[in-house]
Amino acid sequence: MLKIPRIWTGPAEAVLYITFILFIIGTVNVFSASFVLAGQLLDDSYFFLKRHLISFAIGMVGLIIATRPDYRKLNRLSGLLAVMTLGMLIAVHFTGVDANGARRWLNLGIKFQPSEIAKLASIIVAASYLGPRIDRKRKISLLSLPVIFIGIMGVLILKQPDMGTAVIVVGLCLILYVLAGLPKQQLYLLYGGGAAVLAYFSYAAAYRMDRITAWLDPWEHQQGIGYQTVQSLLAIGSGGLSGTGLGMGASKFYYLPESHTDFAFAVLCQEWGFFGALLVLVLMGLLACYGGQIARRTPDGFGKILAIGVTLLVAGQAVINIGMVSGLLPVVGVPLPFISFGGTSLIVNLVAMGILINIGRRSARSAVPMDELSEPEPSEKPEKRLKLVQRLKDRR
């Protein structure tokens, strides 16, 4: 019987290969979407591409490091990580770099965005609290130190202002609490309070109200607050099935603002067409499925919550960004992982995938089917033991 060769040997390897494929697609798209802007404003058409590749190199070092030690060591470092992240977010408000009306960056010789680091830090902090309680079957409560830490992070990010990132940081933490088994009474409180807070902050600033108005009817405001959404929809629609061809899209010629960052997916749809967009959607879906598979196979609570968290981090941002670009959600300024240009975002996502790969590999090594551990018959003991030893070696 003809056997179909396997592309990868397990979910951890699948995550690694899918990440590389998405990065390659993103690199091509970043260059295509940015070379006009970079050439005219910075006199270097390769400016954003070079920065993208430098960020990838740093992120790959982070990914490799993240795959090496036992991921459970992150549990002991969660407190230090929370304090350092809070310190950076506070520093942004005093010494941060302003750009486009927001103060979100620190410049310590290298400019980076602490709020992107907070996304991963919040997951690790939440997992450090939830994991041991899952293992010991102890009660989970919203009145806990991680929720306080992450709530402060959310407020600091909201004041930058960056509501999209604040929603991701706080929302991810709360979703993990729900999945870990939050009591029903606190669950109702969370739903009601969360909806009220989200509604309040959505209408607390004039520019957020404008975004909601533009989302409800962008064509009515296509010359004003709905311009970006309309141009994004036009770019997506003009791509057809096979696209206009690489580098041939018109939206990057100053028609679509942020065409290489938050709205990079619209450029991809225009130049790669429906099939290119479908490829990205399938890859993101596979990444989420394999991440869920790793989480399901992980024996300890900390690793399980951590795997769910980093999977939701990438998948959730993808859903929000694609929904925003296609007009299904208001514009919130969330990048598409591995596709949008953004140095800190790319580095953090690569490190997150390194952690997920680490969890997947260690879970596979420790997972031995129960029938293999059962006592063999006396006549078959030597052969069965040899087979078991060989299989354990293969797993390592």
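Note that Cβ sites are derived from N, Cα and C of the backbone, with glycine treated the same way.
A TrEMBL annotation is a machine prediction, not a hand-curated record.
Under the heading compositional bias 'Basic residues', TrEMBL lists 387-396.
Taken from TrEMBL, the feature region 'Disordered' covers 368-396.
Among residues of the same chain six or more beyond the transmembrane segment (12-37), those with a C-beta under 8 A of the stretch's C-beta atoms are 45-49, 52-53, 56, 246-247, 249, 252-254, 259-260, 264, 267-268, 271-272, 276, 279-280, 283-284, 286-287, 290-291, 294, 337-341, 346, 350, 353, 356-357, 359-361, 364. The transmembrane segment annotation in TrEMBL covers 12-37 (among others).
Residues or ranges marked as transmembrane segment in TrEMBL: 49-67 (among others). Residues 23, 26-27, 30-31, 34-35, 38, 341-344, 346-351, 353-355, 357-358, 361 of the same chain lie 6 or more positions beyond the ends of the transmembrane segment (49-67) yet place their CB under 8 Å from a CB of it.
The feature transmembrane segment is assigned by TrEMBL to 79-97 (among others).
For the transmembrane segment (140-157), the residues of the chain that approach it from at least six positions outside its boundaries are 82, 85-86, 89-90, 92-93, 115, 118, 121-122, 125-126, 128-130, 133, 165-166, 169-170, 173, 177, 180-183, 186, 189-190, judged by C-beta separation under 8 angstroms. Residues or ranges marked as transmembrane segment by TrEMBL: 140-157 (among others).
What TrEMBL lists as transmembrane segment is 163-180 (among others).
For 187-206 (among others), the entry in TrEMBL reads transmembrane segment. With a cut-off of 8 Å between Cβ atoms, the residues of this chain six or more beyond the transmembrane segment (187-206) that come close are 142, 158, 161, 163, 167, 174, 177-178, 212.
Per TrEMBL, transmembrane segment is recorded for 272-293 (among others).
Only residues 6 or more beyond the boundaries of the transmembrane segment (305-332), in the same chain, are considered here, and those with a CB under 8 A from a CB of the stretch are 71, 74, 119-120, 123-124, 126-127, 130-131, 134, 163-164, 167-168, 171-172, 175-176, 179-180, 211-212, 214-215, 218, 228-229, 232-233, 236, 262-263, 265-266, 281, 284, 287-288, 291-292, 294-295, 298, 340, 349, 352-353, 355-356, 359-360. According to TrEMBL, the transmembrane segment annotation covers 305-332 (among others).
Per TrEMBL, the feature transmembrane segment maps to 338-360 (among others).
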Sequence-remote partners of the transmembrane segment (163-180) [C-beta within less than 8 Å, at least six residues beyond its ends]:
115-116, 118-119, 122-123, 125-127, 130, 133-134, 140, 142, 146-147, 150-151, 153-155, 157, 187, 190, 194, 198, 201-202, 208, 301, 305, 308-309, 312-313, 316-317, 320, 332-334
